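Have a look at the structure below before the remarks.
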Amino acid sequence: MVVEVGPGLGSLTLALLPAARRLYAVEIDPRLAARLPATVAGHAPQHADRLRVLAADALRIGADAFAEPPTALVANLPYNVAVPVLLHLLSQLPTLAHGLIMVQQEVADRLTAGPGSRTYGVPSAKLAWYAAARSAGSVGRSVFWPVPNVDSGLVAFTRHDPPAMPAAPAPPDEAAPGAGAPGATVSREAVFAVVDAAFAQRRKTLRAALGRWAGSPPRAEQLLRSAGVNPSARGESLTIAEFARIAAAAR
Ligand SMILES: C[S@@+](CC[C@H](N)C(=O)[O-])C[C@H]1O[C@@H](n2cnc3c(N)ncnc32)[C@H](O)[C@@H]1O
């Protein structure tokens, strides 16, 4: 059960159909969406019954649009909305277990970067909440016509469970109630709010960058300590598990 976002004229669609039991092609342009069945009927008639075209915006689509739960995303993602589309689909389609996407090379670098890397940021940390991602190669601009002014990169991902909350390392009098308790859960929205705040001012220490989010820098420092995170660190050095611990400390 494959989802392809932005099939356009259908060149990738035609390559995917032999390998997919069902292919949901999500295309925002109604003229391109309307042409796709005829393209497939003309070039791959033996697989035409596998295709389902959804004339829709991938940024707004939900699980109810799919008659069968999709398990894989394979797409040459529209470059201007690649990250929001990827994160939206991972949030809306819990059955999406893995995928291979082509995006602009800079975006591929950001999606696959780990903590401490210059390119590690909001897309890397948020994707890490959902999945393990790795670079799966690069595609030079010269293979496209017209030649674009960017290179492209392939990103492969495999969904994993969100980080588990470990026991709070701080003494009980410093810890917020319930912070970091074993097995405790924290919402994705709460974790992503910490990620957004930390990277909004990525050059600042977490104590300063999270000041507004926490209410004040001293309160941010208190929460960071109870989460076992150095208040002098910067967001770019934190794993998604550490962001989750900070969010848990604030509950
Ligand atoms: C980079 S082209 C890819 C075309 C084709 N997949 C290929 O590999 O040659 C982007 C395609 O995504 C579509 N698109 C752009 N934004 C979209 C969105 N939010 N939801 C669904 N499709 C979108 C465009 O209409 C276009 O067909």
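Positions of Cβ are set from backbone N, Cα and C atoms, glycine also.
Note that TrEMBL annotation is computational and uncurated.
Since the structure is predicted, the reported quantities are computational estimates derived from the model, not experimental observations.
Summarising the annotation, TrEMBL assigns domain 'Ribosomal RNA adenine methylase transferase N-terminal' to 1-161.
Classification of M1 (S-adenosyl-L-methionine binding site) by DSSP places it in coil, neither helical nor stranded. Here TrEMBL flags M1, G6, E27, D57, N76 as S-adenosyl-L-methionine binding site.
The feature region 'Disordered' is assigned by TrEMBL to 161-182.
The compositional bias 'Pro residues' annotation in TrEMBL covers 163-174.
Only G6, E27, D57, N76 of the binding-site residues listed as M1, G6, E27, D57, N76 bring a Cβ under 6 Å of any atom of ligand 1; the order follows the sequence. For the S-adenosyl-L-methionine site listed in the record, the two most distant Cα atoms among M1, G6, E27, D57, N76 lie 19 Å apart. Every protein chain considered, the tally of other Cβ atoms within 10 Å of the Cβ of M1 (S-adenosyl-L-methionine binding site) stands at 18. For the binding-site residues E27, D57, the greatest number of Cβ atoms within 10 Å around a candidate Cβ is found at E27.
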